[in-house]
């Protein structure tokens with residue numbers, strides 16, 4: 001068996017192992033009390049190990065692809081296939097590594113849950129769905145996995161469905177992302193109608209022959225799906241509410257699966273997007289608006305997980321801007337560095353919630369002395385997200401800003417200002433949670449058990465070090481750009497511009513300093529924000545009134561329309577249907593009466609008449625020969641008379 005076949009088989013195994021975990025726990029989970037977590041973690045860990053091997057083989061030997069015909073309908077061929085290229089193996093390693101750590105962490109965090117087997121089963125299915133999405137070589141296969149990712153997120157966000165807020169959040173996430181999925185499905189249909197194929201490589205080959213209007217329509221529809229899945233403006237409203245789910249689920253959603261799926265979709269379709277300047281411009285501006293808007297909202301949130309949720313929206317905005325400007329390398333590199341950093345921050349927040357039993361950062365001051373492992377690893381994650389030098393987030397965000405600087409100076413200014421806000425809200429979170437005055441909930445807090453603290457340490461390592469492969473000081477042959485960015489995509493790398501690098505660094509330091517002055521030196525920081533932001537502070541607290549606007553413009557009209565349709569159905573449709581049914585019954589009753597009174601009456605009269613006549617005729621049958629001769633001669637006489645007189 002050649003190395004290519006080994007790689008292809010391993011890729012299948014990588015996706016099947018979490019699926020096997022789902023099947024085992026679904027049917028046998030009740031027989032594995034307390035063992036569901038270790039079983040799921042072991043199988044996902046095996047997927048991670050296999051992903052590392054596949055990564056090495058692809059980077060040293062090149063891409064591998066294979067497909068088989070799934071179904072034929074007339075001239076249409078539907079295939080199942082695998083595409084194992086640089087982007088695929090990059091996503092495989094990110095998804096499996098983070099999922100493995102989150103599974104391990106969940107053993108401790110969720111140990112008191114009654115439906116533990118169901119939790120780990122769906123968590124494994126979530127991982128399998130994302131893995132099957134990134135290995136697909138065609139749009140149809142990708143769409144099936146895409147929808148499975150959405151279903152799993154619905155089940156996990158609503159895991160505590162007994163809480164109304166959790167069930168509402170799950171429904172909101174499902175419905176809002178479905179709006180984007182409508183665009184994705186229409187885009188895929190348009191691709192097939194235009195090219196006659198669902199396979200990525202065939203579509204990309206034919207793309208240059210399509211009209212600009214058609215390419216623009218296709219890419220904008222695809223981006224609708226990406227914006228919904230990755231919580232970009234204006235479909236970002238589901239993600240903060242999704243924090244009602246278990247914290248490990250939030251980590252997986254924000255770091256490695258659902259949020260990353262949208263960025264992956266744009267990156268995978270980069271050859272299409274780069275053909276339309278209008279589409280790439282749209283991606284850039286939507287990303288920039290999302291980055292700035294979410295960062296401003298994160299500044300005033302007091303729920304630790306909602307701060308991180310808005311941070312995710314903002315950082316994904318950076319990735320979209322990068323991809324829109326042609327910075328393919330910077331976009332996917334930031335996806336990786338953000339994934340490790342954000343997973344660390346979410347699991348750190350889970351450790352805080354587990355110890356302090358609150359998500360309100362104003363109640364948890366002074367936790368540093370009681371939770372040093374959590375505090376140190378959380379600070380490392382905050383430094384990375386803030387883009388401080390030497391941390392992973394610095395190298396990727398710096399690459400994005402260099403790309404943007406050469407693309408559009410206004411966008412560069414927006415993202416640089418967003419960097420100030422990012423550093424500010426991240427260290428507002430750090431100072432309020434770990435330092436300053438001891439909060440009410442910090443008195444009895446304690447460090448999390450090893451099963452939860454070890455995953456924090458494991459994630460802290462790539463949070464600090466993985467970004468080094470994007471450093472301009474590394475030999476070019478070993479840089480992330482050289483290893484992962486396919487030349488066929490026409491992507492570019494911008495050389496280091498130290499003047500441009502200095503601006504974001506100064507912005508980050510300014511943001512941290514501002515947070516320190518307000519939240520370490522000011523005794524009433526909330527009053528300070530309210531005083532200096534004025535009316536804008538209330539706007540931020542209400543999240544720019546997006547929920548209220550959508551409630552007024554969409555939700556309530558739809559509910560009123562559905563109520564009207566329901567009443568119309570009862571008052572008109574049901575009445576018509578009932579009238580038709582009643583009329584049918586009455587007509588059938590009339591037909592029955594007519595049948596009994598007329599049809600059956602005629603039939604019975606004929607029968608009775610025949611019986612009466614036959615009875616009379618039978619009287620003539622005496623059995624005597626003389627009687628028969630008498631009848632015979634009488635008949636002959638009558639015949640003769642008739643002939644005579646006729």
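Heads up, the Cβ atoms here are built off N, Cα and C, so glycines get one too.
Predicted, not measured: the structure shown is a model, and the values here were computed from it.
When TrEMBL is compared with the stretches 373-397, 523-547, 548-572, the one noted as transmembrane segment is 373-397.
Your range for transmembrane segment, going by TrEMBL and the list 316-337, 338-359, is 316-337. For the ranges 606-625, 626-645, the feature annotated in TrEMBL as transmembrane segment maps to 626-645. Looking up the ranges 118-136, 232-250 in TrEMBL, the one annotated as transmembrane segment turns out to be 118-136. For the transmembrane segment (118-136), the neighbouring stretch richest in Cβ pairs under 8 Å, chosen from 39-59, 282-304, 316-337, 373-397, 498-519, is 39-59. Look at the domain 'NADH-Ubiquinone oxidoreductase (complex I) chain 5 N-terminal' (70-120): DSSP puts its residues at 29 helix, 13 strand, 9 coil.
Per-residue pLDDT, averaged across the domain 'NADH-Ubiquinone oxidoreductase (complex I) chain 5 N-terminal' (70-120), gives 86. Counting Cβ pairs under 8 Å to the transmembrane segment (373-397), the top-ranked stretch among 6-27, 87-106, 282-304, 498-519, 626-645 is 498-519.
Against the transmembrane segment (182-204), stretch 142-161 has more CB pairs under 8 A than any other of 39-59, 142-161, 316-337, 626-645.
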